[in-house]
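Record features (Swiss-Prot):
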| type | residues | note |
| --- | --- | --- |
| BINDING | 26-33, 52-56, 69-72, 135-138, 166-168 | GTP binding site |
| BINDING | Ser33, Thr54 | Mg(2+) binding site |
| DOMAIN | 18-186 | domain 'EngB-type G' |
Amino acid sequence: MNRFIKSATSLKDCINDSKKEVCLIGRSNVGKSTIINGLANAKIAQTSKTPGRTVTMNFYEISNQRIVDLPGYGYARIKKSQKEEISLFLSDYLNHRKNLVGIFLILDLGVITDQDIEIVRLLTTLDVEYYIVFNKIDKYPKSAYINNKEKILDALKVNEDRILLISAKNKQNLNNLMLKIIDVIS
């Protein structure tokens, strides 16, 4: 059964069990919640055209796999105190959550920011498997993917096998993403 389980705003609020999980992290409005809905084939996550709507960690069960939708980073129109709070619990979750076995960084294919590059650098320091997922491939020409892929590969020495291409909106390649999630968790 595909379902929303719970929200959390700190590590102590997270589900307290030993089930393995993966998380989706990315800038605000990059499509993380849309990906959740696409993987579930149902609207179990709230989506919005307004960036910064997800301000909690949201736990879902999809195809018997636990997936956590993390708040987006980089949105400028929330209070500084709220930004700091989100940043703190994201850091706490990524560094200390024992259930976390995989991180999927969701990037907008057309726009790679310095903050995205910093997050990739952070992922390389964690003892958790990670993948870079370029979303919105339906919106951009192939040249955008080639340019941004090269930017990531060159700047960070990331292996190409860590990169996935999807369109959450059109559900393109979501099956490949789900297979990778299952592989990471098992």
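Using the three backbone atoms N, Cα and C, a Cβ is placed for every residue, glycine included.
Mapped onto this structure are the features recorded in Swiss-Prot.
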{"residue": "Gly26", "record": "GTP binding site", "contacts (Cβ under 8 Å, 6+ apart)": "Lys32, Gly72, Tyr73, Leu105, Ile106, Leu107, Asp116, Asn135"}
{"residue": "Thr56", "record": "GTP binding site", "contacts (Cβ under 8 Å, 6+ apart)": "Ser7, Ala8, Thr9, Pro71"}
{"residue": "Lys136", "record": "GTP binding site", "contacts (Cβ under 8 Å, 6+ apart)": "Val30, Gly31, Asp108, Leu109, Gly110, Ser167, Ala168, Lys169"}
{"residue": "Ile166", "record": "GTP binding site", "contacts (Cβ under 8 Å, 6+ apart)": "Ile35, Val133, Phe134, Asn135, Ile137, Gln172, Asn173, Leu174, Asn176, Leu177"}
Neighbouring C-beta atoms (10 Å sphere around the C-beta of Pro71 (GTP binding site)): 25
For the binding-site residues Asn29, Ser33, the one whose C-beta sees the most other C-beta atoms within 10 angstroms: Ser33
For Gly26 (GTP binding site): DSSP state (helix, strand, coil): strand
All-chain count of other Cβ atoms within 10 Å of Lys32 (GTP binding site): 27
Confidence summary for the domain 'EngB-type G' (18-186), mean pLDDT rounded: 88
